[in-house]
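One structure is given here, and the rest of the page talks about it.
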Amino acid sequence: MMVIRPVERSDVSELMQLASKTGGGLTSLPANEATLSVRIERAIKTWQGELPKSEQGYVFVLEDSETGTVAGICAIEVAVGLNDPWYNYRVGTLVHASKELNVYNALPTLFLSNDHTGSSELCTLFLDPEWRKEGNGYLLSKSRFMFMAAFRDKFNDKVVAEMRGVIDEHGYSPFWQSLGKRFFSMDFSRADFLCGTGQKAFIAELMPKHPIYTHFLSQEAQDVIGQVHPQTAPARAVLEKEGFRYRNYIDIFDGGPTLECDIDRVRAIRKSRLVEVAEGQPAQGDFPACLVANENYHHFRVVLVRTDPATERLILTAAQLDALKCHAGDRVRLVRLCAEEKTA
């Protein structure tokens with residue numbers, strides 16, 4: 001059975017294996033054991049209440065409960081940009097016009113922005129390609145909404161998610177090649193590694209401070225502004241079905257889109273509800289896949305089950321209860337997947 005749980009120190013070796021499969025561009029999951037260990041430790045201290053809000057971040061893993069294999073990772077940053085500036089570009093417009101010459105040009109322009117400072121961030125979503133089946137991607141991505149719904153006071157009113165931009169299998173980023181490399185004088189992979197290992201001072205020191213006309217970029221770079229890596233397209237679709245939208249903010253490195261949504265308007269958060277759980281044999285029928293989560297902050301668990309999403313009393317097997325760290329009579333959080341999201 002596939003289960004979402006909080007990250008543990010012993011997960012570092014399996015997370016290293018996951019990091020080696022990302023293909024680059026996933027800044028928050030570098031193939032660097034020391035950095036991953038620090039990230040795990042920060043998550044543990046967040047759960048223990050030892051960190052200020054500006055440093056808090058939760059990390060979860062998707063585990064096969066039968067084998068202990070870690071198949072995926074996802075995370076939430078509580079409030080971005082309160083320690084180090086959180087940069088992106090806002091894609092806006094500058095108008096150059098002359099009535100005398102009868103000239104009017106509206107030019108797409110990139111403006112350096114810190115507009116999302118303080119927002120909660122969905123990040124570090126990666127599922128091992130071998131496990132991209134049977135609804136695992138939905139479970140991994142949406143489990144975070146179940147945690148946010150249960151512990152709403154831990155998070156801010158706006159949630160953002162940076163989507164990985166267009167990068168090829170060799171680490172070539174058209175957006176970086178045309179813009180970032182001119183200011184940072186390094187390859188994309190180097191900048192990505194430095195950022196992923198926490199060495200972010202160079203961003204503020206070297207990045208352009210003035211608006212940039214996108215027409216000055218290569219056509220290839222212009223074409224990928226706000227576009228996602230092919231492997232990230234499903235993750236974008238999942239978030240958009242939950243209510244997230246692209247509001248013309250992009251990543252400063254690869255030009256990938258930043259999606260955003262008010263936390264209380266996220267579908268899974270808004271529609272999830274608490275029901276009593278009982279042990280037994282679930283009724284047979286053509287029921288939709290639903291997320292089920294416990295309400296245990298320190299031992300949070302989420303699984304995917306097929307059940308009636310309108311039920312007031314959820315029947316689970318002993319194995320499902322054990323996976324959720326629940327007992328009969330406990331209350332669990334329940335919400336169905338979107339109707340078009342299939343798990344088989």
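Just so you know, glycine gets a Cβ as well, placed from its N, Cα and C.
Positions annotated as succinyl-CoA binding site by Swiss-Prot, on the basis of sequence analysis: LEU125. As annotated by Swiss-Prot, active site, proton donor applies to HIS229, with the evidence given as sequence analysis.
Within its own chain, LEU125 (succinyl-CoA binding site) has GLY72, ILE73, CYS74, ALA75, LEU140, SER141, ALA235 as residues 6 or more apart in sequence whose C-beta sits under 8 angstroms from its own. Of all Cβ atoms in the shown protein chains, 22 besides its own fall within 10 Å of the Cβ of HIS229 (active site, proton donor).
Taken residue by residue with DSSP, LEU125 (succinyl-CoA binding site) is part of a strand.
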